[in-house]
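Database features (TrEMBL):
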- A:14-99: domain 'Cyclic nucleotide-binding' (DOMAIN)
- A:148-221: domain 'HTH crp-type' (DOMAIN)
Protein chains: 2
Amino acid sequence: MAGVDRSLVANVPVFAGLAPEQIDQLLQEAQSVRYAKGTNVFQQDEGAHSFFVLLHGRLRVFKLTPDGQQVVVRFVTPGEVFGIAMAIGRATYPATAHAVVDSIALVWPSAAWPRLAATYPGLAVNTLQTVGSRLQDAHTRVVEMSTEEVERRVAHALLRLARQSGRGIEAGIEIDFPITRQDVAEMTGTTLHTVSRVLSAWESQGLVEGGRQRIILRDPHKLFLLAEGSPG
Amino acid sequence: MAGVDRSLVANVPVFAGLAPEQIDQLLQEAQSVRYAKGTNVFQQDEGAHSFFVLLHGRLRVFKLTPDGQQVVVRFVTPGEVFGIAMAIGRATYPATAHAVVDSIALVWPSAAWPRLAATYPGLAVNTLQTVGSRLQDAHTRVVEMSTEEVERRVAHALLRLARQSGRGIEAGIEIDFPITRQDVAEMTGTTLHTVSRVLSAWESQGLVEGGRQRIILRDPHKLFLLAEGSPG
DNA sequence: GACGCTCTTTGCCCCGGCGCAAACAGGGCC
DNA sequence: GGCCCTGTTTGCGCCGGGGCAAAGAGCGTC
């Protein structure tokens, strides 16, 4: 698409190591699409027609269970590929991607993937690494859910969010997109109520500062100790 | 290595679509190694020197937490690649692979991976699909642990084991390798005691049949209904 | 054939965290 | 400025399932 400049994707890991001309060629096949806050980029179980690279914004990726419960898979930050169901051999999207703020993504038709992967071998290798690190993350999550009590899981989740989407402010580190207690609950396998209680307790100890769809880590180090299981 | 015949890997998905000559070339670079029951193929945090394809046997892959708890990541069955830490950008193995029965694997040096992936593009594509389906599995597990109570999780785990390693016998489906209640607990995020209680209850209803390191599913369909959340 | 190791079962108690319910508060919108 | 919608807090009671403890049972070994 005209108007998508190479500099926009200079730091996109999935394009790492590709020659500038190759990146230009890839970009020529992409569309740049805007998704308004509150809309879905794609929905679970719908045909995996496209894959994407997020340029701006924040997406919440979640799975819906048959009985209507949501589980947050991850939040997508700019520079990440997403929606690569086709590349991993799925015909449909395994989850829904929802824009939590106004977002812009590059969009390629999934049908182009086999050709692109064959033409630019680095693309498949990079994608393999991306998927691999998501696999690591998922396993980490399984281990946490198997062995840690709720408080530690919430601490881990907040630290991860801060690392991925933290904005340093004088009061500490603020998660830089609107996130609810419910979201945190769905990331950690607990309930809205329990998350609220945990955060309230932490707030009274000065570890965090809350607000509507807002979380600030006032004392990341103490949270880290909590996450690692230090008593108290 | 001499003596490794192409027919041994005819049904290995990671080699799917490769030309017979290419498979022969790959096999020439591999060693065939035997691992006695009870030994480790590799250990968590050790340098990822090799990657593998399992030819015979069964491996239990698990992660060890800092405080000594184990979490089973998966069981490896013949035909699967494993230990591909290097391919997904890790310098060390993220888990330990333990032979639960005498096992044989093809072994390649990890250092050869970049060259192999570049030489045989199909290899990277197939590996991407493999890693992708493991990612799916891991997410499924996260969803189950987030939304299902223990009994359903155990039912799901047994059905998965039966599909992957089930031997049909007149009494039902038997898991065809030695597996302990502790293993099932570590797969489902619960305790040995709770798994034992659940299986005892099911045995008294005729759903399963137990034994030392032995589980037989007598009524897979009822178990399936249980796993899907049907009451009773 | 007896011993010992590992795996399994079961009883009992307790508690982390969930469910329910109700009150409370930002903040967007008219 | 007031209303309403959505998100948050908090109290209370209960219970699934974990912890602890101890007894029982395959199975390999000498």
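Heads up, residue numbers simply count up from 1 along the chain you see.
Backbone N, Cα and C atoms are what each Cβ position is placed from, and that goes for glycine too.
Quick caveat, the model's predicted, so the values are computed rather than measured.
When pLDDT is averaged over the domain 'HTH crp-type' (A:148-221), the result is 96. DSSP states for the domain 'HTH crp-type' (A:148-221), grouped as helix (H, G, I), strand (E, B) and coil, give 39 helix, 12 strand, 23 coil. For the domain 'Cyclic nucleotide-binding' (A:14-99), residue counts in helix, strand and coil come to 15 helix, 36 strand, 35 coil, using DSSP.
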